[in-house]
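What follows is a set of notes on a single structure, which appears directly below.
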């Protein structure tokens with residue numbers, strides 16, 4: 001019989017054992033009878049000889065070698081029975097564990113997806129790196145097409161590369177139904193580099209980036225294929241319009257591959273030689289270039305990211321050296337055109353660096369890594385507090401079972417066996433809590449994903465954080481760790497062989513904890529001190545984040561956020577030619593301003609807090625830059641109504657007027673920061689600056705208050721506005737409307753009006769500016785809300801723990817307290833006696849907590865605004881709140897203690 | 001567990017004696033105890049408390065096999081037989097025992 005068989009047929013095995021021994025016994029009796037003994041005598045002698053039948057059986061069971069599994073079954077049954085007998089305890093324990101484990105699972109699954117997982121659908125993702133230029137002021141990921149081609153021609157053997165633009169929004173129309181999709185312009189090597197095969201049709205190959213404008217083909221993602229084309233294989237060869245250009249779908253990429261930006265999934269890919277046809281014009285560095293001409297042939301436009309693959313076990317250095325050499329040659333060519341020696345020196349220092357890209361590149365990862373880490377730590381600490389609570393509950397349960405354990409130990413139970421039994425109980429709790437936690441985690445995770453995007457890094461539409469084996473393993477480990485954490489100490493503690501005392505003393509005074517003559521700091525109390533300390537860290541954190549949120553929402557952004565409606569328009573991707581723009585803009589403004597309830601309408605490149613921005617270098621005639629100084633201003637182009645629409649106040653001068661025509665002198669409005677830094681503040685009016693060394697100068701006609709365009713936290717940097725009338729061929733992307741009443745109520749009206757005025761123009765994100773403001777603070781409010789919730793839970797758990805320990809201590813000391821009352825102690829005296837203990841634990845916990853807080857808050861400093869991580873007021877208030885709450889939790893048992901009737905207490909003795 | 005630990009030699013010896021008895025043919029636990037007592041001329045008494053755990057341990061190790069059959073008295077009893085593995089073990093232990101007793105004997109004689 002194999003062991004598994006024996007396990008399954010446990011009853012039969014037991015029956016056989018009994019039968020075998022019974023046979024032996026009967027044979028002995030028979031033999032004795034045969035020798036002439038009476039039956040009674042024979043029975044007596046046989047019993048004497050045989051010894052304890054049960055003991056023999058026990059030894060036989062041990063000899064089977066499957067003992068532990070059998071015991072486990074028994075322990076589980078015992079543990080289940082124990083838990084069922086105290087459903088309150090079981091419920092509290094399982095619920096707090098489920099909460100702790102669930103929260104950890106949820107945060108970890110998002111963290112895992114965004115920060116730890118390798119790119120999906122990509123072959124050997126660890127071999128991938130993204131190239132960057134370093135040595136300049138800040139590394140950037142952009143290369144020109146000629147530079148990329150030269151670098152690719154000199155790649156070391158075995159390595160490969162591909163170039164691509166960052167993820168961009170494209171306007172894809174099948175027939176007459178346009179839709180905004182995410183996509184990339186890519187070089188022909190793109191799919192080869194990632195090792196992506198077609199699911200249907202073909203993907204791009206090197207021949208797809210040969211001729212400028214000559215590749216009107218697109219590849220779509222598997223997910224998009226299913227969603228938009230219902231997985232129809234005849235999609236290959238289908239004609240579509242992308243950003244107004246006629247294209248043909250060449251194929252579908254294999255399932256799972258969504259590009260190199262986790263959280264921002266690509267749905268369509270187009271050859272980058274189609275840049276001009278698609279009107280692609282996003283983040284690029286220009287140097288002696290003409291952005292209106294096709295970009296690929298221009299060496300002065302750096303607009304591409306380059307990914308490389310270096311086979312495992314090979315050094316990437318030769319590739320970097322080769323690329324750096326190419327870059328230097330290129331910079332020499334470019335640098336020869338610039339007279340600034342400091343800039344040339346900087347270019348000479350530039351090297352090509354590599355950033356591991358196996359997990360992809362993600363702006364979102366940057367944006368959410370700090371908040372996610374803070375959350376991970378927070379929920380970890382909450383779980384720790386929950387574990388301490390359960391440990392405390394188990395401790396007091398075990399203490400009341402001390403006598404039982406002492407009896408069992410004294411009649412021969414092994415200590416290891418008892419510990420195993422108690423651990424089984426905690427493992428069962430952990431298992432129940434973990435299972436419930438996993439379910440809670442699956443749900444919480446989706447809540448988290450919905451909340452996690454910040455204003456400027458919204459999580460893409462296709463994002464689903466899957467449960468995977470990482471997460472399951474994490475949860476399983478968590479359960480195991482938690483079970484051991486809260487089970488081990490009580491198990492060791494309560495099985496310590498102190499037989500004499502425990503057996504002799506009655507159950508009432510059996511415990512060493514709680515007795516006045518006992519040790520001052522029991523394990524239970526130490527656990528509470530730890531809880532209080534950790535709780536303080538969470539309280540301080542939550543307070544700091546809440547204050548940060550308050551500071552940020554009361555920041556003066558320089559514009560009035562009420563009564564403004566903004567909408568994103570996109571004449572470029574709609575394929576509207578530049579010469580038709582002025583008429584379009586005029587018609588648009590005329591019709592929108594005619595809507596009742598609209599005060600002012602304006603158009604601009606981008607609205608505040610929208611995530612978009614444009615920057616440019618500038619020169620000041622007669623005021624050359626110091627060596628190494630870079631003069632950069634943020635740029636916006638707008639119609640005259642813009643300042644009124646946003647309520648941006650003028651400090652000096654005027655805004656734009658109809659007189660600022662193309663023929664009139666070029667004008668600009670600058671912000672205070674620029675006026676102060678470069679034009680001596682109030683002397684700025686009438687001064688001039690240039691965009692390039694040889695371009696005509698702008699005259700400053702107005703200075704406005706500083707406006708926070710990108711981010712509420714930022715230091716305001718120099719910024720200039722230029723009139724649309726002097727830049728008529730700009731593709732403006734923001735419609736800005738000041739309304740008399742609630743802007744959101746007008747959203748659909750405005751949308752309809754725009755559609756009527758310009759039927760071909762896509763309109764997106766029609767929202768109130770105040771919404772934009774809120775979503776800019778989404779991440780902060782997300783962190784603030786979650787940490788507040790968790791700090792609240794931690795406080796509650798810590799109070800429960802404190803209450804439990806004190807209530808238990810008081811119940812143990814009933815007799816002593818009664819005696820004190822009998823001897824004349826007043827109620828106040830007894831109350832103070834008990835409260836003193838609570839106060840001691842709270843204060844020691846708070847002091848330790850302050851140390852922990854100061855050590856740990858540095859991690860969170862990056863997320864704070866307008867206050868230091870060691871803000872003394874916050875620290876003091878949090879500590880006081882904590883101590884006060886602790887005292888409240890300790891008051892209830894103390895009051896009970898003070899009301900102990902001496903007669904009752906003494907009669908118990 | 002207050003029971004004194006048996007020395008390895010004793011335990012190993014009992015295992016070897018059981019294997020030897022079983023080698024003669026299928027036999028139940030009671031029979032094994034009887035045979036050991038008889039053959040050793042009452043010098044060795046096997047307690048049930050040691051015999052049965054040893055039998056179960058040997059069976060668990062695969063050195064013994066067992067089945068239920070009728071005994072002399074007609075009652076069903078659990079009969080043990082030697083497995084090929086058990087036979088092998090018995091040979092090894094017998095050889096080992098012979099070497100050991102010879103070595104111990106040598107020392108004892110020298111001291112005398």
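Note: Cβ is positioned from N, Cα and C throughout, glycine not excepted.
Checking TrEMBL for transmembrane segment across the ranges A:765-787, A:788-810 points to A:788-810.
DSSP states for the domain 'ABC3 transporter permease C-terminal' (A:377-497), grouped as helix (H, G, I), strand (E, B) and coil, give 97 helix, 2 strand, 22 coil.
If you look at the transmembrane segment (A:427-444), the same-chain residues 6 or more away from its ends with a CB under 8 A from one of its CBs are 76, 79-80, 83, 90, 93-106, 109, 390, 467, 471-472, 475-476, 478-480, 482-483, 486-487.
In the domain 'ABC3 transporter permease C-terminal' (A:789-902), the DSSP tally of helix, strand and coil residues is 98 helix, 0 strand, 16 coil. Taking residue pairs at least 6 apart in sequence, the transmembrane segment (A:89-116) and the transmembrane segment (A:839-861) share fewer than three C-beta contacts under 8 angstroms. Here the transmembrane segment (A:372-395) has long-range neighbours at 89, 92-93, 96-97, 99-101, 103-104, 107-108, 110-111, 114-115, 422, 425-426, 429, 452, 478, 482, 485-487, 489-490, 493-494, 523-524, 527-528, 530-531, 534-535, 537-538, 541, 783, 786-787, 790-791, 793-794, 797-798, 800-801, 804-805, 856, 859-860, 863, meaning same-chain residues at least 6 beyond its ends whose C-beta is under 8 angstroms from one of its own. Long-range Cβ contacts of the transmembrane segment (A:526-547) within its own chain (Cβ-Cβ under 8 Å, at least 6 residues beyond either end) map to 374, 378, 381-382, 384-385, 388-389, 391-392, 395, 780, 783-784, 787-788, 790-792, 794-795, 797-798, 801-802, 805, 841-842, 844-846, 848-850, 852-853, 856-857, 860, 863-864, 866-867, 869, 871, 874-875, 877-879, 881-882, 886.
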